[in-house]
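Record features (TrEMBL):
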- A:Thr195: active site, nucleophile (ACT_SITE)
- A:Thr158, A:Lys184, A:Thr195, A:Glu285, A:Asn408, A:Ser413: substrate binding site (BINDING)
2 protein chains.
Amino acid sequence: MSGDISPLAPKRYPELPAIDGVRIETAAAGIKYKGRTDLMLMVFDQPAAVAGVFTTSKCPSAPVDFCRGNLGGGRARALVVNSGNANAFTGQKGRVATTMTAEAAAKAVGCTEAEVFLASTGVIGEPLDATKFAGVLDGMAQSASGARWLDAARAIMTTDTYPKVATRTAKIDGVTVTLNGIAKGAGMIAPDMATMLSFIVTDADIEPEALQTMLGHYVGSTFNAVTVDSDTSTSDTLLVFATGAASGSGAGRIAGADDPRAEGFAKALSDMMEDLAVQIVRDGEGARKQVEIIVESAVSDGSAGRIARSIANSPLVKTAIAGEDANWGRVVMAVGKAGEPADRDRLAIWFGDVRVAVDGERDPGYSEASASEVMKRDEILIRVELGIGSGSARVFTCDLTKAYVEINGDYRS
Amino acid sequence: MSGDISPLAPKRYPELPAIDGVRIETAAAGIKYKGRTDLMLMVFDQPAAVAGVFTTSKCPSAPVDFCRGNLGGGRARALVVNSGNANAFTGQKGRVATTMTAEAAAKAVGCTEAEVFLASTGVIGEPLDATKFAGVLDGMAQSASGARWLDAARAIMTTDTYPKVATRTAKIDGVTVTLNGIAKGAGMIAPDMATMLSFIVTDADIEPEALQTMLGHYVGSTFNAVTVDSDTSTSDTLLVFATGAASGSGAGRIAGADDPRAEGFAKALSDMMEDLAVQIVRDGEGARKQVEIIVESAVSDGSAGRIARSIANSPLVKTAIAGEDANWGRVVMAVGKAGEPADRDRLAIWFGDVRVAVDGERDPGYSEASASEVMKRDEILIRVELGIGSGSARVFTCDLTKAYVEINGDYRS
């Protein structure tokens, strides 16, 4: 595995302010590697509202099962995340590890185990030795502080080449509230959802049901609209926490997602989710190019989405992009294989602003030179018009390079 | 694109005998490259029964449309196949090219255009200049002869590194009949069907409906059970021709697929289809290993098939195999992402004869050394037992290597 940072990494990271009501600490617990920061604790000194979305995998990890069980309570006091081991497909040992971690976190923070949330990312199938956490969580809960967001983002990385952070503000009742988010993910990334962890915290005061509804509204067009390799993790977890601390400054409680006072907040949340999701794609294993696929005039949004994913997940499309080849024939192939309604003779395809195909054949005005120029960029838009309806969808992906094969052909060693 | 022959190529090719009733010729028509054999003509001097299966793509090539139109007639006098250009997504020009080719073939052979079948493979979206065929088909029809099967298999190759041929015999009414088959395909290969052309000819005397029924029975477990890269071509075509010449020696006509006299023939046909399908996988672009995926005790055969394809198409599973890494965690991931019924805690997984996981966790008796030994082989079996029903399925695939990316990142140039 090369230690190179993705060429699509941000040139600089935004400064994430402390958020009232949450403290953060990281540690090197020695889960897989010695001396590497691999453990992150968030402490909510007052119970925070929590909402979440998880992998659709039929073989979810033990921490996903654990979080699902606690989500109904709607309140969080601690979040414990480790990298290096996914605690997935670890059977009874996996459940023992989540129980032990939750007990240690509850004791360290002074809450019940039902207020603890967990996530793990890394190798599947290796038992996770949770005794490594038990010894360090007490001290972490003591020393946790507000402005540790970039450290937190680094602690949850696996094959990621850069930490993923984002921050936004919004007004509720005229008072500024803040949202901070971190994410990780680089491979085993596909819609519904990705090998992806993301944790967002706000000081806004929002009821869990309202937060959950907002997540449901926005996850489809953000985290579920990215794919690196079509592979879906056992461990995908997106959690949003609202500490409510801003209510002390006059940003009153939001009880429902349709409350007009929450409009700005919802917009900021959606925008941040897209930002973090696209950061994941830009760090796709071996990625050299970010690719945006837009499918328009399909019979429905759902159909457009399935066609967009078929294009985004096609190895032949992705290798052509890696080779800077405007091979729109492979886009036609991927439209055709999606199994969705399409009329070959009405298809039009653009690479960037160059229309390469129209009415089911090569655009007579198409210039190979201008298409080649588009393909040299590091952000490439592929747009497909089906011409048969009004459904549309957008999906983000990256190219498929030799480096992806290299990284994944030698991951466990 | 490297000129290396797949390490999984056959050590030697079987000798394919002439089959009464069919003559073959090949030529270099200059479709894409100068001096490369790229055109193949089969002539049936008497009308042969014909049956076929085609791509499920919603954007099929012009030749696929053309063949579908003629299949209802059930009789063939000529088959024209070119490599170098798929005549796909070529709009009105594509239809002009198929019409012109069929006219030239009909004239050369002395039949109607309804008795001509066509297939094209190669680049998508480039207009095919059919005038290049018109000049050579007359001479090809004259000089065509019986024992040209290996030449025929070579003429239809694109990124294939070796020609794919197979031969079988069977008895009908105590008389020996012969089946010869050729195939091509190396990338854009996925179930339902692959970028795959295959043509099978027998001297048995079989009605078109009976042939079609047999094809339908066997295509699911053979050609539709192979996948190289999950990409489905616009051009997939499997045609079977029965010249009926053996009826002169006493092998009487088969009118229905359930005729017990056809049992041996059906077995030989199915066996040959599997042979050709596996040859395609073994020539998968960049492939170094043949992989057989068996899924057992699923809720149904269909469910087992979807899980097997999810494993076979997973880039993470395929890169792990390329890296000779017995990474069964990725197999769990692929089972989970299939969306089919599965109980994580009842899963068992084998690599070769080594059980690596059982009851939802690592097999306590699992030895990394013995699994590593299995992964070094060039034929690898991955078997998954779900333990929840009696459905099963088998799929063939290959590993995903850097060479795949290399070949497909620079195909058009």
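Each Cβ is built from the backbone N, Cα and C atoms, and glycine gets one as well.
A map of TrEMBL features onto the structure.
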residue	record	DSSP class
A:Thr158	substrate binding site	coil
A:Lys184	substrate binding site	strand
A:Glu285	substrate binding site	coil
A:Asn408	substrate binding site	helix
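Highest local Cβ density among the binding-site residues A:Thr158, A:Asn408 belongs to A:Asn408, counted as other Cβ atoms within 10 Å over all protein chains shown.
The subset of binding-site residues A:Thr158, A:Lys184, A:Glu285, A:Asn408 lying near chain B, with Cβ atoms under 8 Å apart, consists of A:Asn408. Using a 10 Å radius centred on the Cβ of A:Lys184 (substrate binding site) and all shown protein chains, the other Cβ atoms total 28. With a 10 A radius on its CB, A:Glu285 (substrate binding site) counts 29 other CB atoms from all the protein chains.
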